[in-house]
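Asker: Pasting a structure below so you can have a look.
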Amino acid sequence: MIVTARRAAGFCLLLLLALLGNATWVQAHKADTYDHMSGNRRPQIIRYQQPRGDILVADAPITGSPHTADSFDLAYGRSYTDGPLYAPVTGYASQLYGTSLLEGVEDDILAGTDPRLGAWPVITAVTRRRSAAGNVATTILPAAQQAAFNGLASTGNKGAVVALDPTTGAILALVSTPSYDPGAVAGANRAARAAWAALDGDPDRPMLNRALRETYPPGSTFKVVTAAAALASGTVADPDEPTATPDPYPLPETHTLLGNEADGCRNASLRHALTVSCNTVFAKLGVDMGAEVMRRQATAFGFDDPKLRIPVAVTRSVFPKSPDRPQTALSSIGQFDTRATPLQMAMVAAGIANDGEVMRPYLVERLTRDDGSTVVGTERQTLARAVPPSVARRLQRMMQDVVTTGTGGNARIDGAVVGGKTGTAQHGEQNRAVPYAWFIAYAKPSPDAKPAVAVAVVVEDGAADRADITGGGLAAPIAKAVMTAVLSR
Amino acid sequence: MSRWRRRETAAGEPLPPTRRNTEFLLLVFAVLVPVFAYANVGLARHGSIPPDTAKYGLGLGLLVLIAHILVRFFAPYADPVLLPIAALLNGLGLVLIYRLDLETPNVQAASSQLMWSAIGVILFAAVMIAVRDHRSLGKYAYLAAAVALFLMIVPVFFPAINGAKVWIRLGSFSLQPGEFAKIILVVFFASYLAGTRETLMMIGRRFCGVNLPRGRDLGPVLAVWLTSVGILVLERDLGTSVLYFGAFVVMLYVATARIGWILVGLILIALGAFVVGSAEPHVHSRVQNWMDPFASIHAGLGPGQLAQSLFCFAAGGLLGAGLGLGHSILVGFAAKSDFILATVGEELGLTGIAALLVLYALLVARGFRAGLTAPDAFGSLLAYGLSAVLAIQVFVVAGGVTALIPLTGMTMPFLAQGGSSVVTNWALIALLMKISDRGRRPLAPIEEPVPLPEEVRA
């Protein structure tokens, strides 16, 4: 009986070992999955157990955390000052519906659970002691944000504006309309449910951050990228030499004729083609260089980067993979499957303004503790070198021509050097939908100064009259207002 | 047998130590750990040590001291580790329940659990004093079987609570007679097998290379199986039936060394479990829930209890959130009883779970050791059976709340809220200590063999 008893004891031990193994599986291996599973209310409970940290704009909080209940659960809520203005920056923190954008990405800091908030981060990580909530200081410039928001709102259309500091990558304005008040969905009451249902069901999708999460055909603004590729690859040695371009340009291998809105595009020089926005010249250049050169140039400006974080995730902008020759022609003028976020087109303008160096865009200046000390600050970082400085300077002069003599006259600012490019992107079935109006630009306070601001504006679904919806008419004035706000800081 | 006689008859050799002082020292730790844990909860929640910490510590200390003094008189050579582990588990259980009481101001359970613990220690004392020799229990084998069956069947006539008919409810007072039945049933099994194991080992028929038992020997096995499945069907209690059957199979194997019978048993229980699991809706839903604990979330109904329990364990991670700082109350109504382990998992982490499992493993190992040193087959089998019951119960409960096996409504021995469970387990510990005392006692001459009842011997 002793042998069998020992075996039975071994069996019992095995049972307990199985438990230990399973506990290890659940608590060590599956823990992260379970912690973030929908239905697990812990993140919410932790988030609202103590006053939530603030998101700062120009060192002033644009959020608050009022006491909402006396229970351990949902004791503190979230409030927003100027909610619709800053919604594309803050996102929402809702007691019912989770978090988005900065509220989501920096939740650990704002909730006080990030071990770096403690005096001894390693020990804090082990003891899991919660610190007072930290704050998130953004790079937003209130005047620029307000100018962009007012400008877009005055058109009454959907759209987005992004403004960058070209030399650092700091995001100065980030606007998306129609906007919403995140404070309306912050609570856990019936009003919040109703507000959520209305926002969620709204066909205009107010909670969509169009500046970061929507891609548009960039239209003629993409010609800047094509011009950069032509100059950098040596396909065009001198921007003032005439190009051998017919008008209209028959798309290769097809009977389709590509025309121009502007006059004087036949054999136009690169400079003139950009100034008046000739489709034919850039379509032909794209075909001559080939899709691979175009694609490489787009990637050098930041296209096709699925991992871009500011630290909020940004949707990838694309230049189509292996298009045929007629598709390459259309892709090179920002049509067909070329798609870009407003942030991406602001990065194109910023890269050219910054002598060819594209800085990594960032929205968070630094994370701070309750007492104001810095947890971590964002360092300026080069994302990519898009074109050599000499090419960048030629492009700058061409873009400045667009504003002084071309389609971008509405962006002219007295006493400042402004370079820009208009765009009117066709889209929809057979391009019949109301086009998108684009404008990208940069501005320097003086010819020898460093660039102060780069901006991209897109306005969807403009007025019914198609001819009026050009980037120069709708979008350029908004860009001008934003740049003026930055220049006068 | 007097003190004098014990010293005298050791044939000149030094007496083995009683280890009672070791037990006392371990008991000091077993009381201090829960007291510190209690203070810890207060510090974590209110920033101050609860004012009644001293009172609570003294209360627990007093209970344990009474048990210890009784052991000194009535089982002086008993294993010194059993009582401290039981005390520690019971103390920790009280702290965990007190901690969960903080989340449910309207339902306080810690004080009644303390009362049940006291009753448990009284039963412990009763076993210590009344059962002078464990062998005397063997005489009551068939009485035990009858009582056990009665206890198991009674709840059928009471309304189901939370889907399982395992309760007797009289006013606000509820009992789980199945808990008491488990010890009594093991007494019967041990007695039956001690009397018939020789016969069972010798006679059998070879069939397909396996030694199968004779029909008449198979009778009791079948009876137990039928009872188990009957409980499963009538009371919708998968856990208890697995517990009874598992304990019986283990004891049968230990007694007869017949793998073939174990196979028969396992096939039978698997068959029974499969049929009931697919036909009986309550059990069936438990199985479904086990296969996909998160189905209700995907269906938009929010997390079920098992999902909440898994969330607790996940939230605890390696080191836990700290006592008083977790959110295991989200589990819902059985957080203090069936799901008490989720609180351990969340607040003490994998470290705490591992420590707890080691405690149970030690308890089980010491139980088996008591069986190995017992002077008689009945005592050995009783000790093995009781230890196996502990191990299987821990496995069924802990495996259930961590989704290793389908969830069944049972309580973690000593830890969980539940009067019947605590009281029964104190009696179980008392029996194990009695057996180990008999085995380690230096005198241990088997003065006169305790006769087995005629019917069992036949």
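Glycine is treated like the rest: Cβ placed from N, Cα and C.
From TrEMBL, for reference:
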type     : residues  : note
TRANSMEM : B:24-44   : transmembrane segment
TRANSMEM : B:56-74   : transmembrane segment
TRANSMEM : B:81-100  : transmembrane segment
TRANSMEM : B:112-131 : transmembrane segment
TRANSMEM : B:140-160 : transmembrane segment
TRANSMEM : B:180-196 : transmembrane segment
TRANSMEM : B:217-234 : transmembrane segment
TRANSMEM : B:246-276 : transmembrane segment
TRANSMEM : B:310-330 : transmembrane segment
TRANSMEM : B:350-369 : transmembrane segment
TRANSMEM : B:381-408 : transmembrane segment
TRANSMEM : B:414-433 : transmembrane segment
Asker: Does the transmembrane segment (B:310-330) come close to the transmembrane segment (B:81-100), meaning at least 3 CB pairs under 8 Å for residues 6 or more apart?
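Answerer: The answer is yes, given that the two segments have at least 3 Cβ pairs within the 8 Å cut-off.
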Asker: Under 8 Å, at least 3 Cβ pairs, sequence separation 6 or more: does that hold for the transmembrane segment (B:310-330) versus the transmembrane segment (B:24-44)?
Answerer: yes
Asker: Of the listed stretches (B:24-44, B:140-160, B:180-196, B:350-369), which one yields the highest count of Cβ-Cβ distances below 8 Å with the transmembrane segment (B:414-433)?
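Answerer: Per the Cβ count, the answer is B:180-196.
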Asker: Taking contact to mean 3 or more CB pairs closer than 8 A (sequence separation of 6 or more), are the transmembrane segment (B:246-276) and the transmembrane segment (B:381-408) in contact?
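Answerer: Counting Cβ pairs under 8 Å, at least 3, so yes.
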Asker: For the transmembrane segment (B:180-196), which stretch among B:24-44, B:140-160, B:350-369 has the most Cβ pairs under 8 A?
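Answerer: Ranking B:24-44, B:140-160, B:350-369 by Cβ pairs under 8 Å to the transmembrane segment (B:180-196) puts B:140-160 first.
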